[in-house]
């Protein structure tokens, strides 16, 4: 069954009732109504409120007393005008690129490795990955803080033992670059299982004959990947990549739990920066402006994928 | 016809297995470390040479974790909110996913696009607007408010995933049932739903993990009523002004993780198949 | 079977969710009993003293029941904001003295200026009272303070031949230099302990920020403030404290517990953590006030502590005031000072601390305690770690004057953000 499902990734399935039936055309709308209602009340409405706040003068006083005044584009001007914002944007793109590249490369490698393993080893590796995937985010951040603790953490003990004496009692979380690296490691560690296992499923749908044929034609391993594997997996690959881009770009919980955007703002990505502005500085108006800009940026990044998705759907 | 030579197959096998063991170790080690730290006495934790197996295991840290005030209330609240959010998401997503996967209607493309875009919602930034809306509706300090927030957070992914599963069920099965005289709904229930089990399980797990972990909204929307706190608040209580009680923190984190593991183990075979086959069509 | 499981789960969870919100805030079932919600921070008070106070208060105020809730530090800013902005807030909230100015200026806190005399506010610790006052109106009521002293290892002092604790800065440097040899650290001073730096700056006559007309100005770049930083640098070099971290990472009590450090700068409560980390050090710890420039006045210290506020959205402001009065009153203050080793909120109560070496040292410092600038935006300066980063830059080789000017400008900008 896994193969059937994965195979449909390549081509959209034809729909029932294409064209002819008139009776009962209200059914689809009835079926999506709950979801639409949920989105409207709980997502669109708060989002609209947030955008409205971004055009107002809205601080702690306004939150408590009400009576927010109109501020026009002042918040956007302030956000876009400061060098800090653009530093955060650059950092967010760097963060997203680093994570997504690592996740996709490692996942692909793992997915390619899995079919070549013996059955028991494969089961063990897959089980290990599912354990990772099931680890709650808060538990994972706690574990990683413990692993990288300066005096008692295992990582420092291991590195010092391997001869890197500079890592003895090294305070990872006091350095921007080191903290950034730990967060990348954490996010990659947690994200690879989902991507790898999904890619692996896609791999299992490729008929063995195609591989045979390629090898008979004299293709080496890389060419097999390039000419057979990747083209078939491309839609799946595209979907997972775009999902990971969204999840990494909007990633907040892990960063806030470990470093709150520090030290020195070195791990402040856009979502963290917006939260800092709103909650620590009580500048809800500026925070909303930054969030709105974040969403626009993310949509811009995804626009290519979104257009392709739209075109591929049957009208 | 040229034959492709497989160079040194034995070495390949060794390299592969080493890589596999490496992946396994990296996946499992952090969790393993958390669990054994939870069992080590504090003296053994605060030592510079880590021990990879607890020489003198103790349950003291678990006792500390469990004895935190309101422990069972937190569990009850987290379970209630998480399970109801997951069920609500499934109940709402399933009809939508079916409508998108099987029916043809104008606005279908727009809907699926909107659902995909909904995944980009900046939830950490929506905290204040949601707070204001909840306050004005007198929904603060009420657990169902959290349920609603978690429900809409997981809804997009659930719809997208279930849609992929439904689209993958062969048309012929449904049509056979229709020809046997079943109505559409009955055909769906008898034929498609059982095959959806892996998809339902995997989206449930995703929703469970998302709601189980959430801190910011639980912290900001549940104010005066001590009886409304959830587990992430409890987990945050183990670090204090002078440092962190690592043993108790790891014990708390282990306990925190258990339900997720339990849910996964119970659904294990189906989840693997589900994750593998699901989220395939965007 | 699948549906039954599903249905059971649904019913179960809805029932639980319903139970969760069943408890009602405010008045209890009995007619005439008002239940007040009081928020204390975790680790502020021991369970014993909270119980004593609750029993005592409920006995002397029949008709009022207290619901004391302990709040976690994580996310407390959001929590208090949510509380103040809600329609039904807790009745009394403990807020740190560096945060209270911000809440006071927000309009969400009750103005208690009229009650100052009733509360004995004539000799409140300035470090607690000033931050709670905005435009001359008193919103935050001083509750307790704690400040830093020097905790030292008696054995290491004896081994180095140091018999009396230093009383002036010069003596301090001499003593520390003597201690800083042979595998022993003279003093473990992390590079980002800005509270300590503030004390040195104040001793020189400088400040972190001053009022400038209607606005504020960061003044880290004055000669006085730079002199304070220079002294910090001298002291910091007499040990191996990390230049890019603060006293919590790693927790300095744990580091001191290793036994090869002669001194740390900490509130007396740190001794408890040290003894927990290394039980062998129990009874081997001494305390003295941070030395000042001259022997007659101890070094200025940062007054840390908490104030009490009554939210405007509280449903029972008069009863809430009774609670605040009791908490700020003599009976509770003396009990708390003895039990928790805190400095009570009025200088006239400080006599209760003279019995114990640690608290006596702390009280000596408290007399010359300062608070952070009471701008509502000061919390934002702390949140951005401006001063911490400035210190690290200087300690790792940057030019003090340049860095100080840059940091001062950032502080000026943040403090002058209209609110």
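Heads up, residue numbers simply count up from 1 along the chain you see.
For all residues, glycine too, the Cβ spot is worked out from N, Cα and C.
Since this is a predicted model, take the numbers as computed values, not measurements.
Taken straight from TrEMBL:
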{"type": "TRANSMEM", "residues": "A:26-48", "note": "transmembrane segment"}
{"type": "DOMAIN", "residues": "A:89-305", "note": "domain 'ABC transmembrane type-1'"}
{"type": "TRANSMEM", "residues": "A:93-114", "note": "transmembrane segment"}
{"type": "TRANSMEM", "residues": "A:123-148", "note": "transmembrane segment"}
{"type": "TRANSMEM", "residues": "A:170-189", "note": "transmembrane segment"}
{"type": "TRANSMEM", "residues": "A:236-257", "note": "transmembrane segment"}
{"type": "TRANSMEM", "residues": "A:286-306", "note": "transmembrane segment"}
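With a cut-off of 8 Å between Cβ atoms, the residues of this chain six or more beyond the transmembrane segment (A:123-148) that come close are 110, 114, 117, 154-156, 172-173, 182, 185-186, 189-190, 192-194, 196-197, 253-254, 257-258. Only residues 6 or more beyond the boundaries of the transmembrane segment (A:93-114), in the same chain, are considered here, and those with a CB under 8 A from a CB of the stretch are 122, 125-126, 129, 180, 184, 187-188, 191-192, 195-197, 199-200, 202-203, 225, 229, 237, 240-241, 244-245, 248-249, 251, 269. Panel annotation: around the transmembrane segment (A:236-257), residues 6, 9, 92, 95-96, 99-100, 103-104, 107, 137-138, 140-142, 183, 186-187, 190-191, 195, 198-199, 202, 230, 267-272, 275, 294, 298, 301-302, 305, 308 of the same chain, lying at least six beyond its termini, place a Cβ under 8 Å from a Cβ of the stretch.
Sequence-distant contacts of the transmembrane segment (A:170-189) (same chain, six or more residues past either end, CB-CB distance under 8 Å): 95, 98-99, 102-103, 106, 132, 140-141, 144-145, 148, 150, 153, 155-156, 159, 248, 251, 254-255, 258-259, 262-267.
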